[in-house]
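These features come from TrEMBL:
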- 1-181: domain 'Plant heme peroxidase family profile' (DOMAIN)
- ARG9: site 'Transition state stabilizer' (SITE)
- HIS13: active site, proton acceptor (ACT_SITE)
- ASP14, VAL17, GLY19, ASP21, SER23, GLU35: Ca(2+) 1 binding site (BINDING)
- CYS15-CYS20: disulfide bond (DISULFID)
- PRO112: substrate binding site (BINDING)
- HIS142: heme b binding site (BINDING)
- THR143: Ca(2+) 2 binding site (BINDING)
- CYS149-CYS176: disulfide bond (DISULFID)
Amino acid sequence: ITQAAGLLRLHFHDCFVQGCDGSVLLDGSESGPSEQDAPPNLTLRKESFKIINELQSLIQYYCGPVVSCSDIVALAARDSVYLVGGPYYDMPLGRKDSLNFATLASTLANLPNPSSNTTTLLTAFATKNLTMRDLVALSGGHTIGRGHCTSFTDRLYPIQDPTMDQTFANNLKLTCPAPNT
């Protein structure tokens, strides 16, 4: 399950910055650090990158360089989620890989902050022509995987966010105690 969550999150981070182009896989260069080095991407699972690299090697060995890395990321995310009980959906193929990674500024400007509220997330998704349904589906990386307390404790402490459901907040407080306690 954790690999499915990691692959889904990798796919989301790739697509949300400059389109589903595999740019999150690129290493940095003299021109600057890669997308992987941007703070929001530092928590992408190393195992997810390893899985994509292994799949790419196998596909290139058996098929040659005919399948893009961006398609590999998309298919790995879709199929891993399906294998853990999520939905299966048709996916158009033929994405082109980017030759350039996004800048740090672009990555920070495009990826939603983990502590964003629903309104902010819906607005960010709308700018990408994505819907509330897309938001729920792509948030699956956190529901089939794990969330980090540091991503939302600022909404619990010192004063609880009044927009948060009280029962949900109480459950979160059991798992994520106040900092410095």
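Cβ coordinates come from backbone N, Cα and C, glycine included.
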Near ASP21 (Ca(2+) 1 binding site), which residues of its chain come within a Cβ-Cβ distance under 8 Å, counting only those 6 or more away in sequence?
ASP14, SER70, ARG95, LYS96, ASP97, SER98
Select the most exposed residue of VAL17, CYS176, where exposure means the fewest other Cβ atoms within 10 Å, treating these as the recorded positions.
CYS176
Neighbouring C-beta atoms (10 Å sphere around the C-beta of PRO112 (substrate binding site)):
15
If you draw a 10 Å sphere on the Cβ of HIS13 (active site, proton acceptor), how many other Cβ atoms land inside?
24
Once ASP14, VAL17, GLY19, ASP21, SER23, GLU35 are set aside, which residues in the chain still have Cβ within 8 Å of the Cβ centroid of the Ca(2+) 1 site?
HIS13, CYS15, PHE16, GLN18, CYS20, GLY22, VAL24, SER70, SER98, PHE101, ALA102
ARG9 (site 'Transition state stabilizer') to PRO112 (substrate binding site), Cα to Cα, whole Å, comes out at 12
Average the pLDDT scores across the domain 'Plant heme peroxidase family profile' (1-181) and report the rounded value.
89
For CYS20 (disulfide bond), what is the secondary structure state per DSSP, taken as helix, strand or coil?
coil
Which residue, of the disulfide-bonded residues CYS15, CYS20, CYS149, has its CB surrounded by the fewest other CB atoms within 10 A?
CYS149
Tell me, in order along the sequence, which recorded positions from HIS13, CYS15, CYS20, PRO112, CYS149, CYS176 have their CA within 10 Å of GLU35 (Ca(2+) 1 binding site).
HIS13
Around the Cβ of ARG9 (site 'Transition state stabilizer'), how many other Cβ atoms lie within 10 Å? Please give the count over every shown protein chain.
23
In three-state DSSP terms, the structure that the residue listed as 'substrate binding site' belongs to
coil
Return the residues near GLY19 (Ca(2+) 1 binding site) by Cβ distance under 8 Å, restricted to its own chain and a separation of at least 6 in sequence.
SER98
Here the Cα-Cα span from VAL17 (Ca(2+) 1 binding site) to the residue listed as 'substrate binding site', rounded to a whole number of angstrom, reaches 10
